[in-house]
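**Student:** One structure, as structure tokens, below. Some questions next.
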Ligand SMILES: Nc1ncnc2c1ncn2[C@@H]1O[C@H](COP(=O)(O)OP(=O)(O)O)[C@@H](O)[C@H]1O
Ligand SMILES: N[C@@H](CCC(=O)OP(=O)(O)O)C(=O)O
């Protein structure tokens, strides 16, 4: 458990890189680090999830954000990351802060062993009061193995370190009820259910890769891990403390549950799923009563998964109702469903309690979870 208050701050590319010249925005970084030093004096551990590596490196590789392709961006990230870290380091020293670089890929979150290892490292840095600067390792990640945006990457970190608060700093005051460039757009100051705003959250700037949609997805992941999220403009004298003390308008996305089991949050907040099960109406009605998913509950399955993979669990109306970790491979599951009357031990050749998903590995989704549609599943 966290011994101090913990805050994860995500910073968008446009705040860190000048849009025309693609050079660091030192003034912003100074205000940020000054505020982080204040928070540290107030007993906060702060973790930064920083974008900006690609934007800053594009100039070095002679490319522009509007036209850069994947290899330009990967090379740019390799050039921009040291520039970014150098700026954080120099400015950090001015305010008595030590910083460290943590570059991650999707597997560092999705593989539970790597997740725990990453968590240990981040916790060790915090113990020495060092500010971890986290970013995706864009130089080596390809489409299949990347988170793809730092909004969700930062939410994963917030969940991992059991952050109390998560602030997403961007170039708009918060979530609007429609694209803010549209006339009459109103700032939404408090959100409980992000589902209501998904349709309003399309579009993004040329420098970034996320957009408002990934911010809502990220906020939902944090909400479900018991962490309150704020989306706020980064341009302020005290970009963080003014959000936390409520003196500035922004959007607050209220935590939807008490920080519960880390294990269940890890299952619920997966970014890639290996497969899915469709269960009967009776089994769907029993969800939440501490019952496992039995093979007789499954009417259909999809995907090529192995033991320990996380699956979507849909009802027969295609509504995602739960997520759970499979005790069997897809081949074993298929064989058990096809032979409901044969004892599992006999079918599989080893002793097993024959529950496809055990209760401790099952998370029932509630109204405040963003759910997936069957066609969005990665199987
Ligand atoms: N409903 C909305 N509310 C606020 N911003 C929105 C909305 N819909 C689209 N946007 C756009 O999303 C942008 C934020 O995403 P992005 O530019 O990717 O930020 P960052 O680079 O900071 O991650 C805003 O500047 C705005 O142009
Ligand atoms: N990892 C990338 C940024 C990815 C990203 O999410 O960008 P943004 O939408 O500006 O936060 C980089 O360092 O350039």
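Every residue, even glycine, has its Cβ placed from backbone N, Cα and C.
Just so it is clear, the model here is predicted, and its values are computed rather than measured.
Heads up, here are the entries from TrEMBL:
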| type | residues | note |
| --- | --- | --- |
| BINDING | 10, 209, 210, 211, 212, 213, 214, 215 | ATP binding site |
| BINDING | 51, 138, 150 | substrate binding site |
| DOMAIN | 5-232 | domain 'Aspartate/glutamate/uridylate kinase' |
| DOMAIN | 275-336 | domain 'PUA' |
**Student:** State the count of C-beta atoms found within 10 angstroms of the C-beta of residue 214 (ATP binding site), not counting that atom itself.
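**Tutor:** 22, counting other Cβ atoms within 10 Å of residue 214 (ATP binding site).
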**Student:** List, in residue order, those binding-site residues out of 211, 212, 214 with a Cβ under 6 Å from any atom belonging to ligand 1.
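**Tutor:** Correct list: 211, 212.
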**Student:** Can you tell me whether DSSP puts residue 212 (ATP binding site) in helix, strand or coil?
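**Tutor:** Going by the DSSP assignment, residue 212 (ATP binding site) falls within a helical segment, counted as helix.
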**Student:** Helix, strand, coil residue numbers for the domain 'PUA' (275-336) per DSSP?
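**Tutor:** Helix (H, G, I), strand (E, B), coil: 16 helix, 24 strand, 22 coil.
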**Student:** So among 51, 138, 150, all listed as binding-site residues, which is physically nearest to residue 211 (ATP binding site)? Use the C-alpha atoms.
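**Tutor:** Considering only the listed binding-site residues, the nearest one is 150.
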**Student:** Near ligand 2, meaning Cβ under 6 Å from any of its atoms: which of the binding-site residues 10, 138, 209, 210, 213 fit that description?
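**Tutor:** With ligand 2 as the reference and 6 Å as the Cβ limit, the list reads 138, 209, 210.
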**Student:** In Å, how large is the greatest distance between any two Cα atoms among 10, 209, 210, 211, 212, 213, 214, 215, the listed binders of ATP?
**Tutor:** 15
**Student:** Using all protein chains shown, find which of the binding-site residues 212, 213 scores highest when you count other CB atoms within 10 A of its CB.
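**Tutor:** Answer by Cβ density within 10 Å: 212.
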**Student:** Among all protein chains shown, how many Cβ atoms are found within 10 Å of the Cβ of residue 211 (ATP binding site), not counting that one?
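**Tutor:** The Cβ of residue 211 (ATP binding site) has 18 Cβ neighbours within 10 Å.
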**Student:** Starting from residue 214 (ATP binding site), work out which of the binding-site residues listed here (51, 138, 150) have their Cα within 10 Å, and give them in sequence order.
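**Tutor:** Near residue 214 (ATP binding site), where near means Cα within 10 Å, the binding-site residues are 150.
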**Student:** Pop the Cα-Cα gap between residue 138 (substrate binding site) and residue 212 (ATP binding site) into the table, whole Å please.
**Tutor:** 21
**Student:** For substrate, what surrounds 51, 138, 150 with a Cβ no more than 8 Å from their Cβ centroid?
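**Tutor:** Result: 13, 50, 52, 53, 54, 77, 135, 136, 149, 153, 209.
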**Student:** Checking your reading of the structure: which of the binding-site residues 51, 138, 150 lie inside a 10 Å Cα sphere centred on residue 10 (ATP binding site)?
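**Tutor:** Checking Cα-Cα distances against residue 10 (ATP binding site), the binding-site residues within 10 Å turn out to be 51, 150.
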**Student:** Sequence gap of 6 or more, Cβ distance under 8 Å: name the residues on the same chain that satisfy this around residue 209 (ATP binding site), in order along the sequence.
**Tutor:** 13, 51, 54, 148, 149, 150
**Student:** Among all the protein chains here, how many other CB atoms are within 10 A of the CB of residue 150 (substrate binding site)?
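**Tutor:** So the Cβ neighbour count for residue 150 (substrate binding site) comes to 28.
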